[in-house]
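Asker: Here it is: the structure, laid out below.
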Amino acid sequence: MGARQTFGLFVGPLSWDRGFSVALVAFAIALHNLVWGAAQPFAGAAADRYGAGPVVALGAVVLAGGLALTALVRSEAMLILGIGVLVGIGISGTSFGVVMTAIGRAAPAEKRGLAMGLANAGGSLGQALFVPLVQAVSAHAGVAAALLVLAGCALAVAPLGMLLERRRIERAAPADAPSLPVSKAVAQALEHRGYCLLTIGFFTCGFQLAFIATHLPSYLVLCHMPAGLGATALALIGLFNIMGSWGCGWLGDRFRQQHVLGWLYLARTAAIAAFFFLPKSGPTVVVFAAIMGLTWLGTVPLTSGLIAKVFGTGHLGTLFGICFFSHQIGSFLGAWLGGVFFDLTGSYSPIWLATIAAGLFAAVLHFPINDSPAIRTASAKARIP
């Protein structure tokens, strides 16, 4: 997971060295988010049925292939196939929807949020480590070498993935909640008002984070900041998100998760607004990166934990995967539209303003969510609290 947070460092080099437009590179990076989201429900369903281990192992191999192809890219089609399609499919098998499913089934309910937060922090640690690594390798050996290093690291995950659960753990739902076929579970979730609000709000999370992760380094250069400051900011986001993910998981075990989500969106949006409107300097970038890190991926353990609380863990991979698809549509638009508006206007300002408006909207959506467990029967619709 941490490796994908380095993709923003490739926007400039791939456009300068390979002759691609910023909009094209941004589109390819954005496409991986969309493909990832589209594949996530299927990867989650596979993990629900066969266990997380085989899914993670296969995903790691596909991810490595996509990164290696991107390193050798010479045409627009290769760029889109590599970092856009294969990387997206690979990440769907190695990311939140699969890993959180395994943890959600293994951890006791009263500690589920903390366990998911700690797992999420592992991805943030990867971001903190991979960003300076990619920056250093790119500076000394070029962007192709950096991509091949990432491919090698992804390939090494495959055998480790097999150490995760290898089959479904059959303790998916409480005794008073009979199991459902996956089609009925999905239908009932989509009729649940809280699930729909959560899914809409998750779109905003993807929009905000993908725009910042993809375009922050280029934006800082436009603001006459040192070229390496973008990499430093992304690394700081990953470092502080280790604490943020753990903290959000801990808070989710002690307070209503939808309320924690609402305040998280407000805090993140306030940081974005302050950064955009205040004068830019090294210290303001560092403070912004730290606050963003504390709120960066804390939405993941809270969102997956809330779905598990309302619907149980029997189809958690599938239901979180569908919710996550909304997140990835937002990610696609955030990364892509940033490049489009920059090519058209030479400015990122419209997208910064859009992230602020979207964040306020998401915060409002989460506070009224009812987290009472839904009735899950094969013959009745889910109760909509």
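Note that Cβ sites are derived from N, Cα and C of the backbone, with glycine treated the same way.
Per TrEMBL, domain 'Major facilitator superfamily (MFS) profile' is recorded for 1-374. The transmembrane segment annotation in TrEMBL covers 20-39, 51-73, 79-103, 115-137, 143-164, 194-213, 219-240, 260-279, 285-307, 319-339, 351-369.
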Asker: So which residues does the transmembrane segment (20-39) touch in its own chain, when a touch means Cβ under 8 Å and the partner is 6 or more beyond its ends?
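Answerer: Residues 4, 7-8, 10-11, 14, 66, 76, 79-80, 82-85, 87-89, 91-93, 95, 206, 210, 214-215, 218, 324-329, 331-336, 338-340, 342-343 contact the transmembrane segment (20-39) from elsewhere in the chain.
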Asker: Quick check: do the transmembrane segment (351-369) and the transmembrane segment (194-213) share at least 3 Cβ pairs under 8 Å, counting only pairs 6+ apart in sequence?
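Answerer: With 3 or more qualifying Cβ pairs, these stretches touch.
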Asker: Across the domain 'Major facilitator superfamily (MFS) profile' (1-374), what does the pLDDT come to on average, as a whole number?
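Answerer: Residues in the domain 'Major facilitator superfamily (MFS) profile' (1-374) carry a mean pLDDT of 85 in this prediction.
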